[in-house]
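Data block below; observations after.
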Amino acid sequence: MIRVAVTGACGRMGSGIIRRVLEEEDMELVAAIEAPGTPLRGRDIGEFTGRGSVGVEVTDASNLADTLAETEPDVLVDFTVASAAVETIKTSTEAGVNLVVGTTGFSEEEMQTVRDCIERSGVRAVIAPNMAVGVNVFFKVLRDLAPILSDYDVEIIEAHHRHKKDAPSGTAVRALEVISEATGRRASEVAVHGRSGLTGERSRDEIGVHAVRGGDIVGDHIVLFAGDGERLEIVHRAHSRDAFIGGVIRAIRFIEDAEPGRIMDMGDVLGIN
């Protein structure tokens, strides 16, 4: 039985993950953790997620170390915001708890802190900006295509619901990185985030990145390879959060096979790296 703790337990992703964990025969939900000061503290998480009483009360992230010591999870799943996730990862690695992290928006400095914590502690970790199986096949297709279409102009367009807090999405950033790495470019040097005014002629190396926000869009990602006389579009559309949650469940099951002290991603989980 895999003992699972979830931070961001009452968020869109967190509550969906909890509902799914409660359905899995080889998993046990042992902790549901929310932001400090949450008014839901002490409430049974099953009641919040529509499952009735499950015997797991919502706890406050300010007491995370105590919660981990009391509940002894095998893995902690984090879908929060970057600043909170860094502190969660610090505490979890100190406690020797493995990690599945889908939080996005980390700065380079924050990501280095995360790497240092995982390497120093030797815990197992899967960290991915998007855990949907289809998106990770999408990344593989981009990796394979980019060198073949290296003389084509590349534009990345992502669209999400109005409530999404970071832009561009972690998935769009990862697509940028995949294409840049596959074509010998440095993502930070070639990315152009939106365009306005007299921008002049497009350079051959630049990669445009554009974010759309509106309505209840779960997540659309389009990579456009534009050449002379033709264009190729690689598209992934998420119809519901079930796509992401299914990937999280696979990552939880994979974690014991992950390499200690090294960040692995969904490509490793799916065996396509």
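Numbering starts at 1 and runs along the chain as it is shown here.
The backbone N, Cα and C atoms fix where each Cβ goes, and this holds for glycine too.
According to Swiss-Prot, the feature active site, proton donor/acceptor maps to His160. Taking all protein chains in view, 25 other C-beta atoms sit within 10 angstroms of the C-beta of His160 (active site, proton donor/acceptor).
Within its own chain, Lys164 (active site, proton donor) has Arg213 as residues 6 or more apart in sequence whose C-beta sits under 8 angstroms from its own. Under the three-state DSSP scheme, Lys164 (active site, proton donor) falls in the coil class. The active site, proton donor annotation in Swiss-Prot covers Lys164.
Reduced to three states, the DSSP call for Cys10 (NAD(+) binding site) is coil. Take the CB of Cys10 (NAD(+) binding site) and look out to 10 A: across all protein chains shown you find 20 other CB atoms. According to Swiss-Prot, the feature NAD(+) binding site maps to Gly8, Ala9, Cys10, Gly11, Arg12, Met13, Glu34, Gly102, Thr103, Thr104, Ala128, Pro129, Asn130, Met131, an assignment based on sequence analysis.
Marked as (S)-2,3,4,5-tetrahydrodipicolinate binding site by Swiss-Prot on the basis of sequence analysis: His161, Gly170, Thr171. Other Cβ atoms within 10 Å of the Cβ of Gly170 ((S)-2,3,4,5-tetrahydrodipicolinate binding site) number 18 in total over all chains. Secondary structure at Gly170 ((S)-2,3,4,5-tetrahydrodipicolinate binding site), taken from DSSP and collapsed to helix, strand or coil, is helix.
There are 26 other Cβ atoms within 10 Å of the Cβ belonging to Gly8 (NAD(+) binding site). Non-local contacts of His161 ((S)-2,3,4,5-tetrahydrodipicolinate binding site) by the CB criterion (under 8 A, 6+ apart in sequence, same chain) comprise Arg213, Gly214, Gly215, Asp216, Ile217, Val218. Compute the center of the Cβ atoms of His161, Gly170, Thr171, which mark the site for (S)-2,3,4,5-tetrahydrodipicolinate; besides them, the chain residues with Cβ within 8 Å of that center are Thr104, Pro129, Asn130, Glu158, His160, Lys164, Asp166, Ser169, Ala172, Gly219, His221.
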